[in-house]
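Here the structure comes first, spelled out in structure tokens, and everything after it is commentary.
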Amino acid sequence: MSGNLVDPLRNIAEGELGALGFSFGLCFVLMLLLGASVERNALQCDAMISEKLSLTKIVFLGGLYISCLSAILSSTLGTSRVVQGIANEGLFPQMSKLLIEENSPTRESHRATVLVTGFAIILLLLGDLNQIAILSSLPFLFTYATVNYAYVSLSMSNDLGVLNNECANETDNKQQTSYGTVQDGAIFPSQQGQQRRSIDALFAQTEGINESLKQETVQRAWYLHCINRYVSFGAAIIHILVATFVHRWFALLHFIAFAALYLYLGGTCSAPSDQGK
């Protein structure tokens, strides 16, 4: 879905922040209004208290129905696209054989949509809504924890890469010309000067590109100042703790499932460094 955006790196981040801010403000105002006009027992026991307080009950129920329908459709289509993407990557061979549609002109995941819809209907018919709410909230919490931990791991990997490059440069600088050898500049001084000028021009051009990219990134990504790996690591721990508070046994099963999936994908998908060797 991000392929339809003009600048996904900027649009996704700003859209997420805008949606979070607007949702938080709306929910906060709603909580203040209900808390100021309704008794505590009604808030705890009556699930339709907002409908009773609204001036136009039909409009309120219509908006509630449309919002629920929109959430259902977006979840169904989004999940089916994720399942179809996993099948296209070939991570699970049996899933790929079942879901890949080679003759689909619109590239829509019809089989994945039918599979996700059927699975959701089976859960609704066989399970309790309260239990389904727990099962549907725990994957979100573990997904958020995984995304936060992925950012921490990426930051640490970047630091290790920079450290390795610095160590390699120091090692190269310490190496000297061995006894009996002649430097290239002593034989072909003109060629050495041309090469040095070309290399200097290349470095100057690269530095200019990097500086322009840095300035453009700073101008666009104002939210980068709020990103911190330690905050992300703490958020990952908080999400796991909240999952254990919701239901400890379901959280343990989800943790085992995520760990097994991580190990399976780690063995199936080779790292970029391994592919280059």
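For all residues, glycine too, the Cβ spot is worked out from N, Cα and C.
Look at TrEMBL and you will find 2-138 tagged as domain 'Amino acid permease/ SLC12A'.
Below 8 angstroms of C-beta separation, residues 49-50, 53 of the same chain, each at least six residues beyond the ends of the transmembrane segment (20-38), sit close to that stretch. The annotation transmembrane segment is assigned in TrEMBL to 20-38 (among others).
What TrEMBL records for 58-77 (among others) is transmembrane segment.
What TrEMBL lists as transmembrane segment is 109-126 (among others).
Annotation source TrEMBL lists transmembrane segment at 133-152 (among others). Beyond the transmembrane segment (133-152), the same-chain residues lying 6 or more positions past its ends with a Cβ under 8 Å from any Cβ of the stretch are 123, 127, 227, 229, 232-233, 235-237, 239-240, 242-243, 246-247, 250-251, 254-255, 258.
Residues or ranges marked as transmembrane segment in TrEMBL: 222-242 (among others).
Listed as Cβ neighbours of the transmembrane segment (249-267) (distance under 8 Å, sequence separation of 6 or more from its ends, same chain) are residues 91, 134-135, 138-139, 142, 146, 240, 243. Among the features that TrEMBL reports, transmembrane segment is placed at 249-267 (among others).
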